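Annotated features in TrEMBL:
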| type | residues | note |
| --- | --- | --- |
| DOMAIN | 19-99 | domain 'Poly(A) RNA polymerase mitochondrial-like central palm' |
| DOMAIN | 195-238 | domain 'PAP-associated' |
| REGION | 293-336 | region 'Disordered' |
| COMPBIAS | 315-325 | compositional bias 'Polar residues' |
Amino acid sequence: MFLDLDEIGKLDVHKNAGDFLMEFQMKTVPSERIATQKILSVIGECIDNFGPSCVGVQKILNARCPLLRFSHQASGFQCDLTVNNSIALKSSELLYIYGSLDSRVRALVFSVRCWARAHSLTSSIPGTWITNFSLTVMVIFFLQRRSPPILPTLDSLKSLADAEDRCILNGHNCTFVRDLYKIKPSGNTETLELLLKEFFEYFGNFAFNKNSINIRQGKEQNKPDSSPLYIQNPFETSLNISKNVSQSQLQKFVDLARDSAWILEQEDKSQPSLSSKQPWGLATLLLPPGAVSTPLSKKKKKPMNEKVKGLLASIKSSTTDSSKGTHGKRAISTQV
């Protein structure tokens, strides 16, 4: 949800009340952002203290776009409230359109987001980790890259729009077709299981160091800056929606994606017996790290300190053995 304060400026603040003139004035603040933060802070207090069935109020005021987050117990809805943020509403509508085009879209998004939460890749607290919105855009981009594509690019949706779909917000073109019947269904028949494995495989080997993600055109592009993860905002194209993500968090995502792809690859190769109590296949993806042991650890490289220790031990052992030999020859082995 967003609170549209732009309309307030269009109201007539001068009211005649008999012989008196009533005028409403707002206190001045250094910037519009500070005004937004103050407004949301007051609204947050009101919702927290007086909002029926509203719980878990969080004031996330230092984000790029300040917001309030709360839950409504009666309906089960979780709400994000911002101010003058009509583009975010348009982004939500776009995600709804994409989710309605193919039954596999929402299922794949849900699976990836559950996987990310189980491995602490995402958090309800703002920080340097990947957000659910970024993950959702990554899923959309991946589905645009399939052959044949499962989802159309945003530019394709724009080309199908007519006059009533036209939308310009804050100077940004947010136009896309809203009639689902105008969008041709995909001929792709890949299973959801295959798509999940391929998602992990794709992003486990994605060149994040040089390429960005762009769902407008559905193709990889050179990064315009040095951010570890660059995902172009669908409408405000000069913005990176994943600018907050650190290199360490991105590397954690990549490592877990590779591990998960390997686990799903083994699904048909080593099915456990019915008496086995160990989680297997897809179930292992939703367990926290360390909860289950997999053969994957055998395929991982040894840490550098272990390699060095092994090398030194090997040299020492070879040196000792050679001193017992004849003709003063030494044979130093460097195998670890």
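Residue numbering: from 1, along the chain as shown.
For all residues, glycine too, the Cβ spot is worked out from N, Cα and C.
No curator has checked TrEMBL annotations; they are predicted automatically.
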Summary of DSSP states over the domain 'PAP-associated' (195-238), given as helix, strand and coil counts: 10 helix, 7 strand, 27 coil
Mean of pLDDT values spanning the domain 'PAP-associated' (195-238): 95
Positions whose Cβ lies under 8 angstroms from the domain 'PAP-associated' (195-238), at least six residues beyond its ends: 87, 90-91, 94, 104, 108, 111-112, 130, 134, 137-146, 149-150, 152-155, 169, 172-174, 245-247, 249-250, 253-254, 257-258, 260-261, 264-265, 282
